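Visitor: My structure is below; once you've seen it, I'll send some questions.
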Ligand SMILES: [Zn+2]
């Protein structure tokens with residue numbers, strides 16, 4: 001029986017797990033995903049939580065140096081089945097380091113993507129988008145189905161911008177990476193309505209077209225799907241670094257943990273995007289507006305954007321422009 005004189009109970013791993021499960025129910029995750037508590041004693045005390053996109057040696061070292069008791073990550077450390085967590089393996093080393101340091105690990109991935117507010121709300125906020133709605137709502141009847149939830153967000157920019165302007169703007173408002181932001185489509189195209197989706201967004205090109213937005217910003221876009229999408233009259237595309245599209249959510253996650261549990265939080269700004277070097281080709285100095293972009297990406301006369309050409313995938317010589 002509790003009284004008003006009872007001192008506050010220390011926050012435990014189980015408390016953080018429960019709070020995250022309320023905000024991002026694990027049943028909202030995709031079937032293929034692996035979310036929830038990865039390791040850590042539920043009864044262990046948590047004073048400080050480190051929020052990261054990726055669990056890699058660098059972010060683990062950062063969390064340990066900062067005295068974190070728990071890491072909440074976006075990407076699963078162990079997505080596919082493993083038969084060993086030996087410390088001689090990359091991921092096994094991480095598992096060992098965390099357990100030895102008594103640091104718990106929790107993952108909120110596609111369940112945080114689909115939540116409202118979720119990963120793409122934080123991304124949309126960087127652009128000041130208003131009138132937000134999901135890019136791809138969950139299937140009716142699925143556990144995540146509900147008003148406002150879904151993958152990606154669509155909203156109106158505070159003011160219309162050309163695609164060229166928006167690309168520069170995106171590079172300025174997103175966390176800095178070597179990759180930066182590249183765009184596909186007519187640089188002079190006016191963009192009023194923008195769709196954004198944190199992480200790999202290939203799968204939602206069709207949803208962006210169906211939504212009738214002017215542009216779609218995501219990451220990990222590929223030559224053939226992007227070229228075919230533009231040739232079919234789809235929205236202009238902005239391809240940012242994967243980490244940069246998900247990093248904004250960490251602020252939202254940390255704020256929620258502080259507000260609900262009173263724990264201290266660390267938001268990792270370590271850029272874990274794999275790309276570390278970027279060089280603009282000298283031809284990129286050519287004013288983009290002078291390029292002819294019928295479908296958008298100007299794939300060149302020999303390329304048929306409608307032809308998936310799997311044999312040629314990634315083997316095409318570089319083209320000018
Ligand atoms: Zn991701």
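Glycine residues also receive a Cβ, built from the backbone N, Cα and C atoms like all the rest.
As listed in TrEMBL for this protein:
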type     : residues              : note
BINDING  : 74, 75, 113, 242, 246 : divalent metal cation binding site
COMPBIAS : 281-311               : compositional bias 'Low complexity'
COMPBIAS : 312-321               : compositional bias 'Basic and acidic residues'
REGION   : 281-321               : region 'Disordered'
Visitor: I'd like the Cβ neighbour count for residue 242 (divalent metal cation binding site), meaning other Cβ atoms within 10 Å of its Cβ, all protein chains included.
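Guide: So the Cβ neighbour count for residue 242 (divalent metal cation binding site) comes to 24.
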Visitor: Going by DSSP, is residue 113 (divalent metal cation binding site) sitting in a helix, a strand, or coil?
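Guide: DSSP assigns residue 113 (divalent metal cation binding site) to helix.
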Visitor: Cβ within 8 Å of the divalent metal cation site centroid (74, 75, 113, 242, 246 excluded): which residues?
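Guide: Near the divalent metal cation site, the remaining chain residues are 53, 109, 119, 198, 199, 243, 245, 249.
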Visitor: What residues, ordered by sequence, lie under 8 A Cβ-to-Cβ from residue 113 (divalent metal cation binding site) and sit at least six positions away in the same chain?
Guide: 119, 120, 151, 198, 199
Visitor: In the structure shown, which of the binding-site residues 74, 75 has the fewest Cβ neighbours within 10 Å?
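Guide: Selected from the binding-site residues 74, 75 on minimum Cβ neighbours within 10 Å: 75.
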Visitor: Around the C-beta of residue 246 (divalent metal cation binding site), how many further C-beta atoms are within 10 angstroms, looking at every protein chain?
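Guide: The Cβ of residue 246 (divalent metal cation binding site) has 26 Cβ neighbours within 10 Å.
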